[in-house]
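One structure below.
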Amino acid sequence: MQIRHFLQFKDFDRLEFEYLFDRTRWIKNEFKQYRRYWPLTDRTLAMIFEKHSTRTRLSFEAGMHQLGGSAIYLSTRDTQLGRGEPVEDAARVISRMVDIITIRTHEHQIIERFAENSRVPVINGLTDEYHPCQILADIFTFIEHRGSITGKTITWIGDSNNVCNTWLQAAEIFDFNVHVSTPPGYEVEPERAGLYGTDHYEQFVSPHDAVKDADLVTTDVWTSMGFEDELDTRKNDFADFCVDAEMMACAKKEALFMHCLPAHRGEEVDAEVIDGPQSVVWDEAENRLHTQKALMEYLLLGRISVR
């Protein structure tokens, strides 16, 4: 079977995602019914994390265990990567010892170089540019609650970060619209927006205008990992971009709210919203587990018809 990687959302086509969502539903149901499903017995996942994580690490580690395999966690302190070993050399060695690899790092180029030299599938657990596993879970969560996402309007409020970039990629594949509202100076980079085209993306100055008639409102922290030295500046710049009840009232009545977590109540979102009836944040977080199990199964076994 040809080795496939999941480094950006665009690495798969719509039919593949629809298959993954179908598998996710089945795998999640088996999990909820306490039925054992071990298709990855004796398979090993290596998790190489340069960035700290709660949800990504836990969902991959628990997910691999629940599929019958095992997982090994490696921080940069645990490998020669943190001591200057070439990425290419690390990939050649590690991929001879495990069956699949998840990497969480800063520069997207690092994960691309690793994948080019890997004998096994590589999954992007997060880079500064993209977070495809998050959007995989987000779209599945939307479908669970509202059905097809095609033709819907997704509004992103806040920093145009890796999650925002991945939403733009997904819009091209699933044919939905993305409204983005950021403070001046934090807009989606023109070159990056050009990669996704303009048919599915629109930039707004006012967050209230951006959420008008939205089917989903989503946001993230104002200060991502690696930008801690900008904390005070960003708090000032993003002061008008807190998703509160007034802002949500501009969206459709049945609009959902999502946040990839961790959340800072009173900053990017009010407690009234994230803990309110429109929030599906906890389902979204749980679905990281189930969508990633389907992803690992697909990358290692291809299409299967277990029912």
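Think of each number as a place in line: the chain as shown, counted from 1.
Placed from the backbone N, Cα and C atoms, the Cβ positions cover glycine too.
Summarising the annotation, Swiss-Prot assigns carbamoyl phosphate binding site to S53, T54, R55, T56, Q80, R104, H131, P132, C133, Q134, C260, L261, R288. As annotated by Swiss-Prot, L-ornithine binding site applies to N162, D220, S224, M225.
Annotated features, which come from Swiss-Prot, shown on the structure.
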{"residue": "S53", "record": "carbamoyl phosphate binding site", "DSSP (3 states)": "coil"}
{"residue": "H131", "record": "carbamoyl phosphate binding site", "DSSP (3 states)": "coil"}
{"residue": "N162", "record": "L-ornithine binding site", "DSSP (3 states)": "helix"}
{"residue": "D220", "record": "L-ornithine binding site", "DSSP (3 states)": "coil"}
{"residue": "C260", "record": "carbamoyl phosphate binding site", "DSSP (3 states)": "coil"}
{"residue": "R288", "record": "carbamoyl phosphate binding site", "DSSP (3 states)": "helix"}
| task | Would you find the one among the binding-site residues S53, N162, S224 whose Cβ has the most company, meaning other Cβ atoms within 10 Å? | result | N162
| request: Among the binding-site residues N162, D220, S224, report those whose Cα falls within 10 Å of that of H131 (carbamoyl phosphate binding site); none is a fine answer. | output: N162
| field | Pairwise CA distance, R55 (carbamoyl phosphate binding site) versus D220 (L-ornithine binding site), rounded so that it is a whole Å | value | 14
| task | Would you mind reading off the Cα separation of S224 (L-ornithine binding site) from C260 (carbamoyl phosphate binding site), to the nearest angstrom? | result | 12
| Given S53 (carbamoyl phosphate binding site) and D220 (L-ornithine binding site), what distance in Å do their CA atoms have, once rounded to a whole number? | 15
| note | Students should find that the Cα atoms of N162 (L-ornithine binding site) and C133 (carbamoyl phosphate binding site) sit apart, in Å rounded to an integer, by 11
| request: Could you work out which of the binding-site residues (R55, H131, R288) has its C-beta surrounded by the smallest number of other C-beta atoms within 10 A? | output: R55
| task | Taking only the Cα atoms, work out how far C133 (carbamoyl phosphate binding site) lies from D220 (L-ornithine binding site), in Å, as a whole number. | result | 15
